[in-house]
Amino acid sequence: MLGTALRRCAVAAASRAGSRGLLHPTPVPGPTAAIQSIRCYSHGSHETDEEFDARWVTYFNKPDIDAWELRKGMNTLVGYDLVPEPKIIDAALRACRRLNDFASAVRILEVVKDKAGPHKEIYPYVIQELRPTLNELGISTPEELGLDKV
């Protein structure tokens with residue numbers, strides 16, 4: 001659709017140029033109509049918070065997830081302007097456990113602390129919500145490992 005609209009704009013510009021050439025096109029009123037037709041690309045459906053959470057939980061709960069997909073998913077998730085919900089982090093930690101990747105599990109907890117930024121109440125809340133999972137999976141927090149003092 002975008003390619004077709006761009007071709008139409010190029011053809012229209014070439015026909016407006018006429019005998020004066022492309023360097024000195026004849027001004028024609030109304031070129032914004034052609035441009036506006038290609039600027040409708042941001043009108044997609046918007047994802048609710050619940051759908052967002054469900055999408056990421058499903059992603060990390062894939063039984064055949066590999067280490068690269070885990071890192072890619074976490075990298076993408078960290079790129080968003082939010083602190084992931086505890087249920088998303090829970091699914092990511094369980095994926096780490098399935099892969100026997102303790103380092104990634106600790107790194108995920110470090111990233112959550114970093115994403116919380118100056119809001120000091122967020123990270124303790126997330127750890128409190130994840131405590132049963134951390135105990136079940138045998139994952140230590142960065143503070144328990146002494147990494148917060150480095």
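Including glycine, each Cβ sits where the backbone N, Cα and C put it.
Noted in Swiss-Prot for the protein shown:
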MOD_RES   Lys87  N6-acetyllysine
MOD_RES   Lys113  N6-acetyllysine
MOD_RES   Thr141  phosphothreonine
MOTIF     2-17  motif 'SIFI-degron'
TRANSIT   1-41  transit peptide
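Mapped onto this structure are the features recorded in Swiss-Prot.
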| residue | record | contacts (Cβ under 8 Å, 6+ apart) |
| --- | --- | --- |
| Lys87 | N6-acetyllysine | Asp53, Val57 |
| Lys113 | N6-acetyllysine | Tyr123, Pro142 |
| Thr141 | phosphothreonine | Val106, Leu109, Ile127, Leu134 |
Summarise the model confidence on the motif 'SIFI-degron' (2-17) as a single mean pLDDT, whole number.
52
Using DSSP reduced to three states, classify Lys113 (N6-acetyllysine) as helix, strand or coil.
helix
